Amino acid sequence: MRRKLLLLLCFIGLFSLISTAPAPNNVGLESEFTEGHAETINLEEVEFNHPSILPEHPDNFRQDKLAARKRQSLYVTKTRLPPNLYAIDYSLWFQPYFPSPGVQYAPEKNFTFDGRASIQVEALVASDRFILNAYNFKIQSYKVVDIDGTVVPINSISQDDTTQQLSLITNANGVVAGQIYNIEFVYTGIINPYTDGGVYYTSYNDPQGNTHYMIATHMEPFSARKVFPSLDEPSYKAKFTITVQYPASQVALSNMMETEPTKIDNIWSTITFPQTPKMSSYLIAFAVGPYVNSQYVNKHNTLTRAWGWPGTEQYLQFAAQNAGECLYQLGEYTGIKFPLSKADQLGMPEFLAGAMENWGLIIYKYQYIAYNPTTMTTRNMEAAAKVMCHELAHQWFGDLVTTAWWDDLFLNEGFADYFMTFIQKSVYPQQATYLDTLQVLDELQVGLTADVRYDAHPLVYPDGPAFDDITYNKGASMLRMLSDVLGADVFKQGIRAYLQKMQYSNANDFDLFSTLTDTAKSNNILDWCGLPLNVTDFMQPYIHQTNHPLIRYNNNQKIGGSTFSQEPFLDISDLTATPWNYTWSIPLTSANLRHADPYKQWLPRQQGCANMNENIQEERIKEPNKRAVQWELTSITSATYGRIIYDDIGFDRILKLIKQDDINDNLKLTLLADEYNYMLREKKANRPFGYNRFLDLAKVIFNTQSFTNYPSYGVFAQAQPVLEQIAQLYRDGIDAEFVPRLYKLFFQNSYNQLKWQDTSIWDTDTFSEVFLPFAVRYDIGDVQNRTLNMFANVKSACINSLNGTAWCNPYSTNLRKAIYCGAAKYAPATSDYFFQMLHSYNKEVITNPYFYQEYMALLEGMSCTQSPATLKVLIRLFTTSTLNPSTIFGFLKYNPAASDVLYNYFMANPQLVNSTMLDAYLDAMTYNWNSYFREGQLSTLMNTLTLTNDQFDIFDFYINRVSLMFEYKSTYALPTYNWLYDNLVVIGKTPWEKTPNIDAVFPYYKLDLQVNIPGSGPYQWYENMTFSATSTVTFQLVSPTSSITINAHRLMFDPVSIRLYNENDENAHTPIPIDFSKVMKDYDKGTVTIPTMNNTVLYPNQYSLFIEYTGFIFQNPDEGDASNTYLGGLNNRKGWIFTTDFEGGPGARSLLPCWDEPSYKGQFEVSVFHPTDMIALSNEVDIQRTIYDNGWTTTKFATTNQMSTYLLALCVGHFSNLATVTRTGVLTRVWTWSGMEQYGEFALNVTAGTIDFMENYFSYDFPLKKLDVMALPEYTMNAGAMENWGLIIGEYSLFMFDPDYATTRDITEVAETTAHEVVHQWFGDIVTLDWWNDIFLNEGFAQYWFANGIDNTFPEQHAYSIDYNRFYMNHIALKYDCIPGVAKPVISDTPPVFGIEPYYKGSALLNLLNNVLTPAVFQEGLSSYLTQYGYVNASPRNLWTSLTVAAQRHNITDWNGQPLDVSSFMDPYTLQTSYPIITLTLRGTSTVQANQQSCMSDETLWNVPLFTQTPGALDFNWFVNFTGGNDATWLRPLPTGYRVDNAGSTSFARINYDDKSWYSIQAQLLSNMNTMSSTTRAMLLDDANFFYQSGRWEMTKFLDLTLYLVNEDSLAPWEQAIEFFTEMLNRFQYQPEIDTVRNYVIQITKNAVSKFQWNTNGLWANDRIVQLLVNVNNLAVNRQSRQVALTLFNNFVLKCKYSLSGTGKCSGIHPNLRQPTYCYGLRQSNNIDDFTTVNNLYSWFVQNAGYLQTDGSNLLNALGCVQNLDLQKTMLRSILSGDYPPSLLNSIAVHDDSSDVLYNFLLDNTQDILNAPFDFSLYVKAMFQNWSTSNQLELAKDFQNSSNYNLLNAAQKNIYKQGILTVNSNANWMLIYKTPFLEWIQKNFGAPNL
């Protein structure tokens, strides 16, 4: 019933044709927006209306024109007329017969016309015939009369339809050369359907359903001959007089302004139009019909009219005005006012081409004329304006000046295409940026793409006309390039000259280019040789060759030049030979960091310039080679005709530029286009390709501030199809979530700024129209709530509408597709939104048949529905629709839910196989399919059908496509997949969240892995830096479940590769079906959930899970699966290493599916398939090695013990090792990349020695057969080394050193790191933490016991390894545990996991426990802990319990005298932040009161164990509560001697002494410091410094303590003191009292300097003291130290000056002392040769240094020590150019006695510094670091008032302001501390005597 009602309404015309208001409410007629519910609608009864009119190409007039030309090519001949005649004048008369009101005629005349033609010609040659073009009409009579009136006898007539020529044959030589003739015809022609051109008819239907006809003409290129006999070629220009006899009820139009018609019998009218100017025949036009118009008169007084048919009047004004303004601006630009009195724009219901440029009467397809603001978007409006401006440009380029023949068609169409956008910028100046971007998008990019297609042809095309992308888009792009080369003004001057010269005639390319050459010459425009530019020569390779240049732009030098080269974009071997050999002279407009303003360059076609001096020639024609420091860009104006590809380094620099400073939209667009098209080029050539660079670029571009705030439609439109290609790969699979994440990554910021309303900015509004539907499809931002609310408002506004939604929708047309999409997608199942839209669609196709935009928006919106039921309705609509099936089914391609519904619908309706829509249907259904499962699904459908051959071919095509896409996804797309994981998904977490509902225990993993890194084993390029693997995990299920959740991250697999088996007692595998469609990844948790089919329950039993997958290797050092590169071997070649680190980041789940939590310990059976020339290492020893012939080898490893997944390790590479065996026979090896193993001997000894200690001390043998230490050339920045069980992996400098260059710090760092990781083999590997918040169970133990491992290995270093390290751990822990916002508990969920607390505070607390429990009890408790929890997991509670048992066994009591409970004791220390400060206060004169408070001043309290040292004893007491808990101990008389609480820094606390207690300690130190240990002395210095720094003490209280240092001889105290001395020397560097401070330092250290001098002895503590003393005394200008430095330096120069192997052997100076020697020796030298020597030696290290420590940094630092201003400036310039690293800035600054070298250099070189290849903050930090005077502060501020300051960008200004804050802070420090500090020095040391 509903269908009949709708059809009835259609026929009786109750709806107006084009309506903007609702029809009156009719009884019984339901409004489409009345309330309803989806569940009440019978889906099978829903019926549809279908539109009767829809343009085939609604948004692209050029496609319409191309379609027209293709149709015409079926009957057009290109046979040319002989050059016998010259056309002078035509008089034409036409009477058309077509249905019109009141007109009657014989039926046989219907859709014909009568015609009379009188043609005046001049004979150019003698002949026997007159030959003209004529086609498809009947000639009734003809006559030829010469100029004198003499009739020329015509003996016969010949009409050849093949050549479309008519010959009137007279006597021999009857046609006399030079004679003028009139040739007259009377004939009858055909009025064709609109598809056939000539005179054609079309029609429209009025609201009452009546059909109204109209006629018009379409003559281009060869159809004038269908209308009248003629010389129908462009070059035969003539004048035309046209008369039309037409139905009096109609309107007649032609090229010229109509005159008053003459009526005949009130039925017919006759009108004669004024004679035309000279013009080509194809431009003649007339039209007759019921036309109406809107008018506009422009500033040139030209009348422009927009014509339509009745009912369209209200939509024509925009066209009239736009046309008038385009005409005016074109007249202004060309300097030639439009020569006709009127310009008509006639819109027809049907027109084969989008538009036709007939002079004065342009005919269009209606949508380019009628602008309906209720349906049409901004993009539709601009498209109409563009088409009009295109056709109006033809009035000059094509009509006024016409191409001589169709080979130069670009002279018509190229100009029109160029000006259609260019001239709009003058019409709509506020939209200029948008329009210019459209020109690059729609002209340049389309032209470049067309020029490399298989059907490409030269721009000048003898086989023309070619109405295609070459002619239009390449032609327009040539003009854009010429404008850029000549300059806009010169180009305009040249175009004006061309038009003036060639007006009313015909032109070819030579005419244009020669005119431009003359103009260029008169304006002194030069070419690449510096000669006057010859435009003709320049353009020849562009117009006569296909293809375009590929410009390779190499900018990979640190400071060197960028270089260019060119080649044809396509392989030259596939191209037809040309005289230019596919080379071009390429104009480039470039900019770089040093030349930010664009400048012109040429990349010449060939070397050599004639008639020029050879030197000048070489200079002028050399390829561009500009200084390229950091970034450089070319084609800034996006005018170069070619594609530019940047090398990887240059590309990265451009990315950095875009991030920092942004670029214009056109450059963004061209960069994206060039990257994508280059990728396609490489793909076609079967070379490595990928989307990664494109994606990197897009990521940066779409997150720039400019795009975020003002999004560019053109940039988005360039990128979106590429993004869609990527989306297509993943939309239907397990990684479908990648697609919305990708769009959110790129566009979330832009979306957040969109207002969801029109802005009057076309760019933003068009972007909104195109982008927002994607935002809805991909759930960006608040689209769900917003679109649902907006559609609710639409529903409310249209509740009474009977005419659809266009007129009543309150929202912009730009937003409607998104609103409808959101309503369809997000509406709840009970909503009627979908059906409201469907009803609206049914009404819109009747209400607005010509304005299709609204009903198409409704269709596209409905395609977003996720409901199978409503999708089924939509599919039924589509399969019956009259619309283009590719368009409407194409909507469903973006909806992943649609494919299965399409499949099921086809299965239920197999008759669809006979539909003409079969191809489009299958295309949409399989568009996103790319899996083995989908291929089988499609084959199943195919096999159920009986197919014809054509149907079989269609199915076969899509089966092959699915198969190829599946293959592509798993091969070539691997790099893209890797990029998506790197950028869309969290790389890793430290730690990951716990995975809930893990019911598996005792996992046993079998991993077979192939590692694809460069080596002897071949693999496909797309497999590079990947691994392929199969993993089987056998496990015990402990509780019922219907799904398995396992950790897996960064792994690519097809769910169908997963197998699940039930393992029974007989070890038989029983397969368990898996629901592959519901296998789901959780990227944020790093898990995959595998459900059983039909939710089958898995009961407790043993199961195995098999997965085949591919994973990704980070190409830089990182956590997870990573790679290393190095240079090594005999040829110093690059090598690759595969390595793992699973403690942080991606975790082991990135290598294999596993239960990746520490508590899920399992065993691992690992087999690695790797290049044969490499070695594979893992946790266990290798047990089998199989070598294959193809360069690959399999290494199988023994099964591991039970261990946590994060300890699994692999290393593959070219390795060598040193080995030894421990006391118990453990094989110990240190591995390095080949050639470096010699430097690992020290680490090998530490490894073995630490194993021996751990085994012996804890009575727990190392359980593995071997322990390997792998020293890598690179390692993750997040860690130094990793304690994998049996295979320690870390950065090389932590395991190796070169003894010729290694300082004591270098050596001890190797010892400490190695021992630390070995200790982990017990604490972390054998016993493993239960969860990551207990990480101190690993790291605290390793940080504590490594000292004992070193001590066991090197007992002679006890003073350093034990004494110094124990103090240092406490020192660092206390330092950071009192910083708000930084400090956190040792046991904490607060990130980061790996911070100061678990390492240093954890170590300090273990030291505390060792002291409280006693070493023996602590040892016993830990041995028990290891034994009890070995191979399982432990918590802090387990540790405390083991220690408690040991403590109580030995009767250790707590603060209450009760058996000590370690947990109660340690919880406050491990679960709370900060530490206790015990403050001693003098009550009265003789009583000391102690109280406790937190360092961070909160209410936290601890039970503090304190060892108290007095002259006669060392006592132990507990301090509890606030006051200590025992007044006998803590409320005590003032001691007669000294009393040190916390002696030996045995507790984790600080003691704040009262003055009297403090000075008794100080007195003791002055009299006999050795009564206190070095640790105690260092602790006192550390505490005193802390109390002074925190404001609790006066500075002098701390300074008094330093007096005892005159006798100090231990490392820890000196390190504390010298850190303070160095700070003071730097603070006072520019204070006038600096000598006073220097004297203080020299006097305090005098005795120590005398004792230690410059003597090193191999004892680490001694050698560090020497280093510290030498450094600080040279800084303090100690004359003796400076003299020693000079002497050693002179010897050094003498010995090393000519060294060709570095300085390690020749120096003769201990590495600890080289930095001060080189620095202060060179500083005192007056010999410039010494500077040269140091500089040369530094340069040698830069060129030749390997991986290990060298003197390079020492020598570089020395260069900065010189005081020669010229040398300083030279070095600063070299830093800016990249010759020296920016670290030299710091050396120059700290050694600059004047303080202003960097500042003055900044004043003189501001721009260069800002452009330097390093961050501005480095310069500012170096410059201001020691400034502290009021003058310096004012000087720093003065720069802000200079003009140079304005050169800084916002970020740089902030950096500078931070620098001023530093100076201000330094100055404020002086205000507080300077006076008391100096007075104290004066008091104790007197005046300086240096």
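Cβ coordinates come from backbone N, Cα and C, glycine included.
Sequence annotations record features per position, and here Swiss-Prot assigns active site, proton acceptor to Glu391, Glu1317. Annotated substrate binding site per Swiss-Prot: Glu220, Gly354, Ala355, Met356, Glu357, Asn358, Glu1143, Gly1280, Ala1281, Met1282, Glu1283, Asn1284, in sequence order, evidence recorded as similarity to another entry. Positions annotated as Zn(2+) binding site by Swiss-Prot: His390, His394, Glu413, His1316, His1320, Glu1339. What Swiss-Prot records for Asn110, Asn534, Asn581, Asn785, Asn803, Asn914, Asn1024, Asn1094, Asn1451, Asn1521, Asn1826, Asn1841 (among others) is N-linked glycosylation site. The signal peptide annotation in Swiss-Prot covers 1-20, and the record cites sequence analysis as its basis.
Shown on the structure are the features that Swiss-Prot records.
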residue : record                      : DSSP class
His390  : Zn(2+) binding site         : helix
Glu413  : Zn(2+) binding site         : helix
Asn534  : N-linked glycosylation site : coil
Asn581  : N-linked glycosylation site : coil
Asn803  : N-linked glycosylation site : coil
Asn914  : N-linked glycosylation site : helix
Asn1094 : N-linked glycosylation site : helix
Ala1281 : substrate binding site      : strand
Asn1451 : N-linked glycosylation site : coil
* Asked: Should any of the recorded positions Glu220, Asn803, Asn1451, Asn1826 have a Cα within 10 Å of the Cα of Glu413 (Zn(2+) binding site), which are they?
  -> none
* Asked: Going by C-alpha positions, which of the recorded positions (Ala355, Asn534, Glu1143) is nearest His1316 (Zn(2+) binding site)?
  -> Glu1143
* Structure fact -> Note: in the chain of Glu1339 (Zn(2+) binding site), residues six or more apart in sequence with C-beta under 8 angstroms of its C-beta are Gly1324, Phe1394, Pro1398, Tyr1399, Gly1402
* Asked: Quick one: which of these recorded positions, Asn110, Glu391, His394, Asn1024, have their CA within 10 A of Glu357 (substrate binding site)?
  -> Glu391, His394
* Structure fact -> Asn1024 (N-linked glycosylation site) falls, by three-state DSSP, under coil
* Asked: Taking the Cα atoms as reference points, how far is Glu220 (substrate binding site) from His394 (Zn(2+) binding site) in Å?
  -> 13
* Structure fact -> His1316 (Zn(2+) binding site) has its Cβ surrounded, within 10 angstroms, by a count of other Cβ atoms equal to 28
* Which of Asn1451, Asn1521, Asn1826, the listed glycosylation sites, has fewest other Cβ atoms within 10 Å -> Asn1451
* To do: Report the nearest neighbour of Asn785 (N-linked glycosylation site) in space among the recorded positions Asn1094, Glu1143, His1320, Asn1451, Asn1826, comparing Cα positions.
  => Asn1094
* Asked: Can you tell which of the recorded positions Ala355, Asn914, Glu1143 lies nearest to Asn1451 (N-linked glycosylation site) in space, using Cα positions?
  -> Glu1143
* State the three-class DSSP label for Ala355 (substrate binding site), counting H, G and I as helix, E and B as strand, and everything else as coil. => strand
* State the count of C-beta atoms found within 10 angstroms of the C-beta of Asn803 (N-linked glycosylation site), not counting that atom itself. => 23
* Structure fact -> The rounded CA-CA distance in Å from Asn110 (N-linked glycosylation site) to Ala355 (substrate binding site) is 26
* **Pairwise C-alpha maximum, in angstrom, for the residues (Glu220, Gly354, Ala355, Met356, Glu357, Asn358, Glu1143, Gly1280, Ala1281, Met1282, Glu1283, Asn1284) that bind substrate according to the record** => 82
* **Spatial neighbours of His1320 (Zn(2+) binding site) that are distant in sequence (at least 6 apart) but have CB under 8 A** => Glu1283, Ile1288, Asn1338, Phe1341, Ala1342
* Asked: If you draw a 10 Å sphere on the Cβ of Glu1283 (substrate binding site), how many other Cβ atoms land inside?
  -> 26
* **Entries of Ala355, Asn581, Asn803, Asn1094, Asn1826 which, being recorded positions, have CA atoms within 10 angstroms of His390 (Zn(2+) binding site)** => Ala355
* Structure fact -> Here the recorded positions are Glu391, Asn914, Asn1094, Glu1317, Asn1826, and the Cα closest to that of Glu1143 (substrate binding site) is found at Glu1317
* Structure fact -> Across every protein chain in view, the count of C-beta atoms other than its own within 10 A of the C-beta of Asn785 (N-linked glycosylation site) is 11
* Structure fact -> One residue among the binding-site residues His390, His394 has the fewest other C-beta atoms within 10 A of its C-beta, namely His394
* To do: Give me the Cα-Cα distance between Asn1826 (N-linked glycosylation site) and Asn1841 (N-linked glycosylation site), rounded to a whole Å.
  => 22
* To do: Out of the recorded positions Ala355, Glu391, His394, Ala1281, Glu1317, give me the one sitting nearest to Asn534 (N-linked glycosylation site) by CA distance.
  => His394
* **Nearest of the glycosylation sites (Asn914, Asn1094, Asn1841) to Asn1024 (N-linked glycosylation site) - Cα to Cα** => Asn1094
